Ligand SMILES: NC(=O)c1ccc[n+]([C@@H]2O[C@H](COP(=O)([O-])OP(=O)(O)OC[C@H]3O[C@@H](n4cnc5c(N)ncnc54)[C@H](O)[C@@H]3O)[C@@H](O)[C@H]2O)c1
């Protein structure tokens, strides 16, 4: 016999949702299959919530709730500033992907996504791959990022890299009056999917590219294809460089690294580059470094899956929309100057303005 009075310790979920202004949090549970997942719908003013599913072996349920709330809110701002008609959402599955991820788990999760009737659309995130999305897709159409062979948009990395390159050029225009990257020393941290495509663009434009990665094979692969210089992964922050492009992990802009940076611009693909958003955006501004907000310039990937979600996927249209990052980035940099604020805050404000303005349009007949 079990006690019918459930033990619910964490009674502060509604206040956390209120603080971050979330619409809905969905707890998904199937004991037999071993599924514990949380779907967070942050804001649907612009359209259905969209954001990937992350699988992670969270140490506590509280940690999982915090992560999904934080990540889904981030998607609202990213989708809004990218000019897409989708809101912000995210899902997390609790558990060790290597041990418990299988077809049944992913399909059961797909059923939960389906139960939301299109209010939330999922895609890949950490520890998820295209095969997992295929399983989700067996139970629901509300999934994007499926392979090209199944009619999806395929790997978003080339589009993401293009957006980062465009954002870098807009920042260069602000820093040096010309958006040419020819001869500029650019350090690309992370020679993964996005990093490699970015390196290709930069080399083509005549930039002097320096690359770091923690895996020798990744470095060997880029070195074989492009004229680049390999640098030590641990000692790159103090290097003599014009642009630092974080394309590996988050939180590389922090108390230790920012004082070492000698570059004029930070522009890269990694999510959540600022360890503490407000503090570290301020530190960069005080050091006179132009920070191209990560969630703006890495929005090419979400733009790619957005057009897949719309059902009329067209690669040219995706690149045209991604190209708009140039003017939005310029607007953000100008807004930050005019309002004496950081570029991070400026981008958040412009995203919020779009949500508020379009929200009013939606109320009109
Ligand atoms: N793929 C996309 O379309 C996309 C879209 C938006 C944001 N992002 C973000 O961009 C970043 C890169 O994405 P990706 O798809 O290229 O990932 P990836 O895993 O293919 O590449 C990351 C690379 O960084 C390397 N790395 C890890 N730690 C490092 C370190 N300390 N120093 C140097 N290199 C290190 C890894 O070995 C790997 O080669 C991630 O933060 C991701 O969240 C990617």
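Cβ coordinates are placed from backbone N, Cα and C, and glycine is handled just like the others.
If you check TrEMBL, you get these features:
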type	residues	note
ACT_SITE	90	active site, proton donor/acceptor
BINDING	190, 191, 192, 193, 194, 195	NAD(+) binding site
Residue 193 (NAD(+) binding site): secondary structure state under DSSP, collapsed to three categories: helix
Euclidean distance between Cα atoms of residue 90 (active site, proton donor/acceptor) and residue 195 (NAD(+) binding site), Å: 24
CB within-chain contacts under 8 A for residue 194 (NAD(+) binding site), separation at least 6: 157, 160, 161, 164, 247, 269, 298
The residue listed as 'active site, proton donor/acceptor' in three-state DSSP notation: strand
Sorted by sequence, non-190, 191, 192, 193, 194, 195 residues with Cβ within 8 Å of centre, NAD(+): 157, 188, 196, 197, 198, 213, 218, 247, 248, 269
Listed in sequence order, residues with CB under 8 A of residue 191 (NAD(+) binding site) and six or more positions away: 199, 211, 212, 213, 218, 219, 221, 222, 247
The residue listed as 'active site, proton donor/acceptor' and residue 193 (NAD(+) binding site), distance between Cα atoms, whole Å: 22
Lowest local Cβ density among 190, 192, 195, which the record lists as binding-site residues, within 10 Å: 192
Nearest-integer angstrom distance between the alpha carbons (Cα) of residue 90 (active site, proton donor/acceptor) and residue 190 (NAD(+) binding site): 25
Those recorded positions listed as 90, 193, and which of them has the most Cβ atoms within 10 Å of its own Cβ: 90
